[in-house]
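A.B. asks: One structure, as structure tokens, below. Some questions next.
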Ligand SMILES: [Zn+2]
């Protein structure tokens, strides 16, 4: 039996056929009695039910005993995003994750350094003629002591004090140089044009942003997965046909997330070795597409296939070990190779733990009915997926900074 604060909302038994037949759930009834009947009918239709009352296609986890929505009208199913049932947290964990990644995508697109406009260098003689270089040098020297006492910045200062022309920015991370100049100069110089010119003059040797498309492919995959999952959890209970469509979307989303997660590490690790770059990216694209196609087959969604399904996703992700080891061998002298591997191991742990919890249905199998609303395995799995994807986002940022600075 279901207890707690939602007890009154739950139909503990399926509606007897006789009662259902006596209620004509049609609009446009004129008499008060019939109008009341319609309201009662709607109320009963939208009650939460127990596992035993579910049609077979909605029976997925026998350890979650109650708070099920079953074949509600579409409008009420959509509006149930704002009510409490056993899918509420499944919907919201990935909906919040979707908005997080939408924000990260916009933020990353805006944060990326602008590509240097080499045409501006044509005006270099004119700019040098009009800019007071001595004034700029003095302002920079006044501005810099307030910054952290880093060895790179000390070099920067020393070089500034001799000449602006002989500056070597290659030892400084490119983003820092641009940030340094843009943060430092506005307050000190009254002519904004001079500031922009300075950034343009000084940055060509430092800012050579690498292409972002592999990073955005991953962000797109993550957003698709999170939104597909959230929508699936919200709508799958409406009808058998919608449930099949939604579950396919959900599995396709997971496959897309895993496959697109390979893009940033593989591309930025092997961008100077096109053969391996295409080999690894080709492999995961092929496997990802095959898994999406495979997930469209009906048996893929059967409850008995749960462990195989989890194993398939697990193996797909685990195949990432090969390019990671290859990267470590190829870039053994780069600290970024080690740093990114650390993030990738953490991501693997988070996803792996999520897959184990998903397949074993822990903790609800130990106390059936106690985790119906909050704390059951699927919710934990969702949180671990968002955490894993966010770890991968941080991993991607390390790659971008590395390649922006060093190129190929
Ligand atoms: Zn899910």
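Every residue, even glycine, has its Cβ placed from backbone N, Cα and C.
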A.B. asks: Check TrEMBL: it lists 378, 382 as binding Zn(2+). Then name which of 85, 233, 238 it lists for that same site.
C.D. replies: 233
A.B. asks: Could you tell me which of the ranges 195-212, 249-266 is annotated in TrEMBL as transmembrane segment?
C.D. replies: 249-266
A.B. asks: Would you please say which range out of 163-185, 278-300 has the annotation transmembrane segment in TrEMBL?
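C.D. replies: Result: 278-300 is the stretch TrEMBL calls transmembrane segment.
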A.B. asks: Using the Cβ center of 233, 378, 382 as the Zn(2+) site position, which other residues in that chain lie within 8 Å, going by their Cβ?
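C.D. replies: Leaving out the recorded residues gives 87, 89, 90, 91, 93, 94, 229, 379, 381.
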A.B. asks: Please report the number of other Cβ atoms within 10 Å of the Cβ of residue 233 (Zn(2+) binding site).
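C.D. replies: Cβ-Cβ neighbours of residue 233 (Zn(2+) binding site) within 10 Å number 24.
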A.B. asks: Let me check the 10 A CB neighbour count of residue 378 (Zn(2+) binding site). How many other CB atoms are there?
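C.D. replies: Excluding its own Cβ, the number within 10 Å is 22.
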